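Comments concern the structure below.
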Amino acid sequence: MSDEKISMTLNFPKHKRARRKKYQKEYQERHKEEMMQQLGRRFQNQPSTSSAPPDTVEKIPLPTESTSALPFGDSPRLTEKDYETNYMIDPPVVSTHSAELIKSNRVVIKAEEAEKYMMIKAKSTTSKILQDFQTKILETVKTKRRLQADVPYIIHPCHSMKGRKTPKQKGGDESFTASDVSDDSNDSQDEASTSEPTNRQAPEADKTGEVKDEKQTCNRRNQQRKAKRLRNFEEKERQITLLKKGIDRKKTHPNGIHPDISFNEKGLGNEGPECRCPEPIKTCGLKHGYYAGEDKAIDCKKSNGENLHYYTLRVTPLPSENQLYRTHMAINGEEFEFEGFSLITHAPLPDCMTRAPICKYSMDYEFQLVEEFMPDECFDPEDCDMLFEYIFHEIFEMLDFELRPKHIPSDVESCPMIHIMPRFVQTKDDLVQLWSSKTVLAYFTSKGSSEIMSPEDVNRLCDAQIDQFTRNTSKHKQSIVLNTKFKPSAIRADWFERDEEKKEVYVVHNAIRAQTYTAISLPRIAFLEKTLNKMIQEKQSSGVYNKDFEKTKNELEHLKRENRSARNLKLREPVAGFIETGLKPDVAAHVVMTILACHHIRYNFSLDVFEEVIEYKFNDRRVIELALMHSSFKSHYGTPIDHVKNMITNCGYRRKYGAEDKREKKRVAGIMSLFNIMKGTSGGEPILHNERLEYLGDAVVELIVSHHLYFMLTHHFEGGLATYRTALVQNRNLATLAKNCRIDEMLQYSHGADLINVAEFKHALANAFEAVMAAIYLDGGLAPCDVIFSKAMYGHQPVLKEKWDHINEHELKREDPQGDRDLSFITPTLSTFHALEERLGIQFNNIRLLAKAFTRRNIPNNDLTKGHNQRLEWLGDSVLQLIVSDFLYRRFPYHHEGHMSLLRTSLVSNQTQAVVCDDLGFTEFVIKAPYKTPELKLKDKADLVEAFIGALYVDRGIEHCRAFIRIVFCPRLKHFIESEKWNDAKSHLQQWCLAMRDPSSSEPDMPEYRVLGIEGPTNNRIFKIAVYYKGKRLASAAESNVHKAELRVAELALANLESMSFSKMKAKNNSWFQNMRRRLEQDTSD
């Protein structure tokens, strides 16, 4: 704001007509702003609030007589219709024991006859079968695997633990100051219409200096951007080079069965190393396989199955369902089918354990753990360990899947945390016959002792008739065959072919090339998709298709068809060296689900340790699992996901490329999606990370800290309390509390470069701590949160913990522990509040607290209220934040934290609280000062409401505050959502800039706010802010603080943008804004 305008606002002339003349121009500007806002309301389909302009000068309202209109108009008063919804009842977010394990009632016995039959077929006995399997099968395949060529890995640099921000250059300053920015020389005309007039009397030299400074600043920023782009380009080139080397290494591997078929290697994915973490952090964290609590050696080999717990892993739908080929074995006319795996643990699973992980994996199956009896003679730990190594490591090559606890040194003997046993069962008359582990060993021994076809069999089949060849090879069709000479060692044999001239029989495997191995056309496809999307956006903006649209679309479809056919691959390999495993493709899905279930079980055992640390037991672990899930975490199979994909592709049921279930892809970006989400008209999906809980936990932690500081530091003003609270709730302190609770050992996040940086990891820990506090709040209320925060903060300092936990009563309550309502009948000041209590339906035990809430700062200190209401207002703000956050979290389960923050801001804003103050008539009960006091401003009314909430919290507790806020505040949310008043000016401007962006631009231009100048003394600062879009100034404004100035300049810029947009769109019949308005009208009519 200029000096001339400041003087105008401070020196009011006495003559009434002179006042009208001086404020006539301001009224015209204000009316113009209202007209611009009407355009915005029309765009948002809001009812018009404008009135007819005055006919004469006398009808212009004086500034003191006109009400200060809110940016989007006053919210309407509540009616009975607004209370048709019960705001005190919430949908459940947690449920007690919702995941209780199922116990099977099946009668399970050992299949004795099957064991005798398999021992005869394997030419062994029950006492020798383990040794025979180890020597004939396991050692044979291992010896053959050792002959594979040892090709060194491509060395990738480790991720850096240092900050990613580049150091500032000498002489350069990244911050925006008044000397760094100045007025643009080419937009002075725009400024006259959209902002306050500039000081035209400034010296010409100053203007020249400002322009020169701005040019230097722009040049410096351009140089910094170029240097950053160059660094990013060089780093990208290095990564691409390493990626190509890694792919070429796999393609040219001497033992690769085919250059285009990917295979598994320990610690290596399809595109490079799975772990690029620095050495200091390789020995910790879930992503490296370190589970909390797995620090004790376990040996159950000599316990004869004592203290073991048996669970059957049921996979639904059954992988062999509706499949012609499945894993089974016929013995004496009885068919034993492969049912899956049994998981044997050394401790019972927690009662409150979730049935499945919270994260979603890209498999079409789900698993369920069923507690089921197993005969003692069916299970042997050593047998299961051998079977695990053979099935998971040698056949399916899940080389990074380990069940042995990593906290224990390698030279210490210990059992795996979970024993895995294959299940072959035959059900008859509700009686289940189960193969013992030794029967399974005999089965694999009999199958893998010799090759699929001997040389004599090959010669015979080459000379046989085609029908005989088909019959003899059909029994091996869709079998998983193994040859550890190759990579991958196990493939699915889709069918067999022969070459009569060469006397060879071939295994035929239909494969799908990995994306990283595929055609060269992928970059072209990506480019065409991007180009096509830009053309579609241009059509939405202009209503006219690009002339090259059809050509680009046809080329894209053609390349996609070629790429789809190029990914199909037929592999022919001679049968020599291949052995039959006795398994069919249905086992692949069971293997993946078993790996996932093992991680889930071990993680829940770790949560037992976490519950012991915080001394709290959750009723439902879904909420704590979600709290410990970082936003970077997608899915976890307990092993690298590339290994799982390769195994399913090579060994699972064949699925034609392109026939996968196509998920519906919805456009989630854009202004219309945001409006639809806030209205609840777009379908939502569960948000599978902890950011929603972190949003709620932030309010929980703030209230806990505010509560303790308020009652501990009784003589500190609100400014000092706010400083202490900021220090306690900052990320650095919360990250320390998270480590004290061992959250760093429980947090699930992606195995990449995101959280390698120490500062970023501490930030994630702080957010996780807040999410955990929210989870405890939802599960058990506010009291356990207070206890756990206290222990995390001062658990190792008993003296400080005692001081923190010792909460004194409020001084007014200490004076009258039984209540002071008797004083209200003899004190006129207190008796006036009976009417307010009757109006609200709330009766205070200590009515002096209620009087203190209505005692403003200008009231002298007295024995009745013992001070003013500023401390209560500070406490009430935290109470209001928590209760509103809790309401939004429960009522909007599909809203992201950003959406809920917008709604909360609209509910707890000063404007809303001022309306609440007027609706409840709080101003009538303000204790008057002995001298004349001015009328309450908007901020004063808001402080009055917060002080009342603080007094209610101190006197009656959190539940009374919850009832008051939900009844008084929450019904207004419907109005904010329907009228879209949650969208403040800065957010609205950003959405407009995104909507008006150039489709050909790689990155959308965002509005940029710059500080043009700071004027005035320290106690009366005036900040001048300008907003720029694509380098051009849209508006500038001056206010008493930066936040107000940015909001004001955003409003002015919106008015200018809307007028420009509508005048431009007037020349176009099918404009983007008309489409948006039509869509909004359709949504409203629907």
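Glycine is no exception: its Cβ is also placed from the backbone N, Cα and C atoms.
Worth saying up front: this structure is predicted, and the values here are computed from it rather than measured.
Summarising the annotation, Swiss-Prot assigns region 'Disordered' to 1-77 (among others).
As annotated by Swiss-Prot, compositional bias 'Basic residues' applies to 13-23 (among others).
Here Swiss-Prot flags 24-35 (among others) as compositional bias 'Basic and acidic residues'.
Look at Swiss-Prot and you will find 43-53 (among others) tagged as compositional bias 'Polar residues'.
Swiss-Prot lists 158-233 (among others) with the feature region 'Disordered'.
Swiss-Prot lists 159-168 (among others) with the feature compositional bias 'Basic residues'.
The compositional bias 'Acidic residues' feature in Swiss-Prot is assigned to 181-190.
Per Swiss-Prot, the feature compositional bias 'Polar residues' maps to 191-201 (among others).
Residues annotated as compositional bias 'Basic and acidic residues' in Swiss-Prot: 203-217 (among others).
Annotated domain 'RNase III 1' per Swiss-Prot: 607-781, in sequence order.
DSSP assigns GLU694 (Mg(2+) 1 binding site) to a helix in the three-state reduction. Under the heading Mg(2+) 1 binding site, Swiss-Prot lists GLU694, ASN767, GLU770, citing similarity to another entry as support.
For 833-957, the entry in Swiss-Prot reads domain 'RNase III 2'. If you average pLDDT over the domain 'RNase III 2' (833-957) in this model, you get 91.
Neighbour count (other Cβ atoms within 10 Å of the Cβ, all protein chains): 23 for GLU873 (Mg(2+) 2 binding site). According to DSSP, GLU873 (Mg(2+) 2 binding site) is assigned to a helical segment. Look at Swiss-Prot and you will find GLU873, ASP943, GLU946 tagged as Mg(2+) 2 binding site, backed by similarity to another entry.
All protein chains included, LYS939 (site 'Important for activity') registers 11 other Cβ atoms within 10 Å of its own Cβ. According to Swiss-Prot, the site 'Important for activity' annotation covers LYS939.
What Swiss-Prot records for 984-1059 is domain 'DRBM'.
Across the fold, the C-alpha of GLU873 (Mg(2+) 2 binding site) and the C-alpha of ASN767 (Mg(2+) 1 binding site) stand 27 Å from each other. Secondary structure of the domain 'DRBM' (984-1059) per DSSP (helix as H, G, I; strand as E, B; remaining residues coil): 29 helix, 24 strand, 23 coil. When the Cα atoms are compared, ASN767 (Mg(2+) 1 binding site) and LYS939 (site 'Important for activity') turn out to be 31 Å apart. The binding-site residues examined here are GLU694, GLU770, ASP943, GLU946; by Cβ neighbour count within 10 Å, the least packed of them is GLU694.
Reported as a whole number, the C-alpha separation between GLU694 (Mg(2+) 1 binding site) and ASP943 (Mg(2+) 2 binding site) equals 27 Å. In the three-state DSSP classification, GLU946 (Mg(2+) 2 binding site) falls within a helix.
Of all the recorded positions in the list LYS939, ASP943, GLU946, the shortest Cα-Cα distance to GLU770 (Mg(2+) 1 binding site) is found for GLU946. For the domain 'RNase III 2' (833-957), residue counts in helix, strand and coil come to 83 helix, 0 strand, 42 coil, using DSSP.
Other residues of the chain with a Cβ within 8 Å of the Cβ centroid of GLU873, ASP943, GLU946, the Mg(2+) 2 site, are ASN869, GLN870, LEU872, TRP874, GLY876, ASP877, ALA942, LEU944, VAL945, ALA947, GLY950. When other Cβ atoms within 10 Å of the Cβ of ASN767 (Mg(2+) 1 binding site) are tallied across all protein chains shown, the result is 25.
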